[in-house]
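Written below as structure tokens is the structure these notes are about.
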Amino acid sequence: MENYQKIEKIGEGTYGVVYKARELTHPNRIVALKKIRLEAEDEGVPSTAIREISLLKEMNDPNIVRLLNIVHADGHKLYLVFEFLDLDLKKYMEALPVSEGGRGRALPDGSTLSRNLGLGDAMVKKFMAQLIEGIRFCHSHRVLHRDLKPQNLLIDRDGNLKLADFGLARAFGVPLRTYTHEVVTLWYRSPEILLGGRQYSTGVDMWSCGAIFAEMCTRKPLFPGDSEIDEIFKIFRILGTPDETIWPGVTSFPDFKPTFPKWKREDIQNVVPGLEEDGLDLLEALLEYDPARRISAKQACMHPYFQHGSSYYSGRARRNGFH
């Protein structure tokens, strides 16, 4: 760790403390140091985790927070060195004026982002394009996120959104609680995971993307459950209780109960008022119960909501087209 000088603690992530630090070999480079707290501290870092994380260093995409380095210290400590961004989507939404559905909170100290960016329709579309393109890139490399939420969507000084923590779930698992014993949020978790499914795929990230989309539009979480069953019921109350006709195989999930209340589906237009028709169509495609029919990131990039293609709105057209 001699190459890094910690400046301050900036947060407590799912896996451990996050520091703002200076890279001493490049004195002008500020980085985020994520200290990964491993379950079995005495056993050292599992080689599988090191392998998984090493693969993430190769993930280079403008929509992904860049993993710059992996530092293995004292045998059982692991630090991940990421590019530094001081703002996340949760804080960004909270900083919006109360008149725009935010809480008028101050941006983090030293945040260089202009306060007047707001979160109007065009900004939501841009953030969605960047989010979906980032997910598409990761899925094309067979990497899932599994824990997408506004807290790990970071925003740079130019008002561009980048995905953080991609691939960490596979390396370290998704804990039920953070290392400080805070409960990991369930608000963005897909129904197949909540119902105890063991086999899941890229659709889990697309569901999270839908919940985040709705929250950007309304400034309120769509399914703010405070336990697994409350989360399931919050979903059922809005989207209706699924059955075999809507979601073939749903009754076979380990945690599905035939005694679940039978709620009718709400009109999505009433849930997210003001969202344009193509946006509502994309939202419904993201919040499709059946993961086999849920829209993929690749399909979402070409959805009519992004009339000119997602790269037009993300502002991040790639030289060599899509991966």
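The backbone N, Cα and C atoms fix where each Cβ goes, glycine too.
These features come from Swiss-Prot:
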ACT_SITE  D147  active site, proton acceptor
BINDING   I10, G11, E12, G13, T14, Y15, G16, V17, V18, K34  ATP binding site
DOMAIN    4-306  domain 'Protein kinase'
MOD_RES   T14  phosphothreonine
MOD_RES   Y15  phosphotyrosine
MOD_RES   T180  phosphothreonine
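When the record's ATP-binding residues I10, G11, E12, G13, T14, Y15, G16, V17, V18, K34 are compared pairwise by CA position, the greatest distance found is 14 Å. Taken together, the residues in the domain 'Protein kinase' (4-306) have a mean pLDDT of 89 on the 0 to 100 scale. Candidate binding-site residues: I10, E12, T14, G16, V18. Nearest to D147 (active site, proton acceptor) by Cα distance: T14. Sequence-distant contacts of V18 (ATP binding site), defined as residues of its own chain at least six apart whose C-beta falls under 8 angstroms from its C-beta, comprise K9, I10, G11, E12, A32, L33, K34, K35. Same-chain residues that are not part of I10, G11, E12, G13, T14, Y15, G16, V17, V18, K34 yet have a Cβ within 8 Å of the Cβ center of the ATP site turn out to be K35.
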